[in-house]
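J.: Shown below is the structure under consideration.
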Amino acid sequence: MIAIIVVAILATAGRSDKICIGYHANNSTTQIDTILEKNVTVTHSVELLENQKEERFCKILKKAPLDLKGCTIEGWILGNPQCDLLLGDQSWSYIVERPTAQNGICYPGVLNEVEELKALIGSGERVERFEMFPKSTWTGVDTSSGVTRACPYNSGSSFYRNLLWIIKTKSAAYSVIKGAYNNTGNQPILYFWGVHHPPDTNEQNTLYGSGDRYVRMGTESMNFAKSPEIAARPAVNGQRGRIDYYWSILKPGETLNVESNGNLIAPWYAFRFVSTSNKGAVFKSNLPIENCDATCQTVAGVLRTNKTFQNVSPLWIGECPKYVKSESLRLATGLRNVPQIETRGLFGAIAGFIEGGWTGMIDGWYGYHHENSQGSGYAADRESTQKAVDGITNKVNSIIDKMNTQFEAVDHEFSNLERRIDNLNKRMEDGFLDVWTYNAELLVLLENERTLDLHDANVKNLYERVKSQLRDNAMILGNGCFEFWHKCDDECMESVKNGTYDYPKYQDESKLNRQEIESVKLESLGVYQILAIYSTVSSSLVLVGLIIAVGLWMCSNGSMQCRICI
């Protein structure tokens with residue numbers, strides 16, 4: 001009878017009201033790395049790195065790029081005859097140079113500081129081409145016969161459209177020629193000149209005459225003087241001679257003076273920079289140019305994103321994310337995603353004391369599950385969830401600001417220095433990128449660890465808040481759950497959730513129920529002890545009886561001799 005009562009009471013206790021603290025889980029398979037772990041599955045995360053692109057060139061701020069087509073930068077800017085379609089004023093958002101372009105420097109030679117020139121041209125947005133030194137500037141010399149088969153046009157010999165190859169006339173010696181140009185405008189002027197180096201003395205004498213020859217150029221900020229270097233060289237493009245090509249900038253208010261008595265490749269047409277930008281670019285690519293608009297253009301294509309970083313290309317123009325070498329910069333915003341195991345039931349942790357998250361709780365990160373006579377259900381704790389959301393949002397913005405500060409520091413450092421030093425900065429940029437990439441990855445790993453720890457702490461805090469309210473009015477089940485010693489209807493459950501639980505109100509009922517359960521447990525323990533003693537004694541008597549019976553049987557059939565001595 002006592003055992004039946006115990007079973008009945010325990011069964012009733014199994015249907016007691018309960019409340020559990022838990023956290024959100026979902027079907028996400030997204031994984032992040034932390035400073036201590038790799039491939040941690042989380043409920044929510046944000047990828048800071050863009051890696052998708054549209055493989056085409058578009059307009060930037062409604063301004064089209066300049067397609068050099070079959071010409072190189074050198075061929076266009078010097079005026080290769082095959083690049084006549086590019087003559088005239090030009091404007092662009094950026095310049096596209098094709099890797100297969102063949103029309104560059106036609107008469108063999110080297111353009112001095114070409115990379116710096118490309119950086120300068122890339123920073124321009126609009127240029128006006130004008131005649132700087134008309135042919136009439138140079139008297140007593142031939143300004144029309146300086147052509148070469150190396151620079152053909154319409155099957156005949158020609159020369160660069162922006163340079164003038166000056167040679168002596170057949171009837172007179174090459175006299176000293178002089179020219180001057182004063183930049184009275186407000187824009188800087190890009191101009192070119194060259195020095196011809198014949199392969200032998202015969203060609204030198206034929207073109208310029210015998211004797212020492214020189215080319216001199218000078219402004220308020222530049223001085224140049226060079227004499228021809230006559231030497232035998234291998235043929236390139238059918239020519240054994242060479243031309244050294246030079247360029248410079250004539251600043252507003254400066255005057256360019258030219259003087260030569262031979263071997264001068266004189267400036268003819270020049271470019272006036274009407275509009276410049278510090279964010280220009282020259283892209284070398286075969287991507288098509290299409291009638292489209294973009295805010296971010298890279299050499300690899302268009303980016304359309306609101307992400308902070310990209311790993312598509314370090315060469316870009318427009319409003320683009322910063323480039324890093326990382327494959328991913330995924331920042332955790334949610335919790336570890338550990339959905340509960342069905343066989344373990346509902347009650348069960350993050351933080352070491354709840355075994356799994358709740359996929360049924362969808363309106364918050366942390367919350368409750370209750371069970372009473374009126375039913376059961378989930379409810380999110382909106383206050384702790386909102387605080388966590390705000391904190392993580394601020395964290396994401398803070399990380400972005402920290403990374404942007406790293407990137408912008410060096411740019412500001414070089415912004416007011418000469419272009420040559422700025423170019424050196426670009427060459428060093430790859431090394432800076434390694435450091436920035438490492439810093440970005442390390443920062444994300446550290447913040448991911450902190451985010452998961454934050455969620456852990458928030459669940460624990462919620463658990464401790466409930467525990468401090470219930471005290472001994474509920475039994476701790478040890479898995480994030482509490483079993484009430486009293487009846488707790490929906491109103492009671494709500495008071496626990498919102499922190500207004502009235503402990504004294506339920507104290508007496510809880511105490512009484514707790515004592516009854518403990519009493520039944522003690523009585524049931526006594527019954528079990530009596531049954532255990534009875535069972536032990538009974539088993540011993542049966543065993544002794546069996547031994548005696550076997551002994552008598554063996555004595556009766558002679559298998560064992562029995563002697564009784566008195």
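Including glycine, each Cβ sits where the backbone N, Cα and C put it.
So Swiss-Prot lists the following for this protein:
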type     : residues  : note
DISULFID : C58-C292  : disulfide bond
DISULFID : C71-C83   : disulfide bond
DISULFID : C106-C151 : disulfide bond
DISULFID : C296-C320 : disulfide bond
DISULFID : C488-C492 : disulfide bond
CARBOHYD : N26       : N-linked glycosylation site
CARBOHYD : N27       : N-linked glycosylation site
CARBOHYD : N39       : N-linked glycosylation site
CARBOHYD : N182      : N-linked glycosylation site
CARBOHYD : N306      : N-linked glycosylation site
CARBOHYD : N498      : N-linked glycosylation site
LIPID    : C555      : S-palmitoyl cysteine
LIPID    : C562      : S-palmitoyl cysteine
LIPID    : C565      : S-palmitoyl cysteine
TOPO_DOM : 17-529    : topological domain 'Extracellular'
TOPO_DOM : 551-566   : topological domain 'Cytoplasmic'
TRANSMEM : 530-550   : transmembrane segment
J.: Whole-number answer please: how many Å between the C-alpha atoms of C296 (disulfide bond) and C71 (disulfide bond)?
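T.: About 25 Å separates the two Cα atoms.
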J.: Do any residues at least six apart in sequence from C83 (disulfide bond), in the same chain, have a Cβ closer than 8 Å to its Cβ, and if so which, in order?
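T.: Expected: L68, G70, C71, G75, W76, N103, R161.
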J.: Excluding near sequence neighbours, so keeping only residues 6 or more apart in the same chain, what lies with its CB under 8 A of N306 (N-linked glycosylation site)?
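T.: Set apart from N306 (N-linked glycosylation site) by at least 6 residues yet with Cβ under 8 Å, there are none.
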J.: For the glycosylation sites listed here (N26, N27, N498), tell me which residue's CB has the most neighbouring CB atoms inside 10 Å.
T.: N26
J.: Per residue, counting other C-beta atoms within 10 angstroms of the C-beta, which of the disulfide-bonded residues C151, C296, C320 reaches the highest number?
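T.: Per the Cβ count, the most surrounded site is C151.
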J.: By CA distance, which of the recorded positions (N27, C151, N182) lies nearest to C488 (disulfide bond)?
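T.: So, of the listed recorded positions, the one sitting closest to C488 (disulfide bond) is N27.
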J.: Among all chains shown, work out which of the glycosylation sites N39, N182 has the most CB atoms within 10 A of its CB.
T.: N182
J.: Whole-number Å distance between the CA of N26 (N-linked glycosylation site) and the CA of C292 (disulfide bond)?
T.: 40
J.: Around C488 (disulfide bond), how many other C-beta atoms are within 10 angstroms of its C-beta?
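T.: A count of 28.
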J.: How many Å separate the Cα atoms of N498 (N-linked glycosylation site) and C106 (disulfide bond)?
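T.: With distance taken Cα to Cα, C106 (disulfide bond) is 83 Å from N498 (N-linked glycosylation site).
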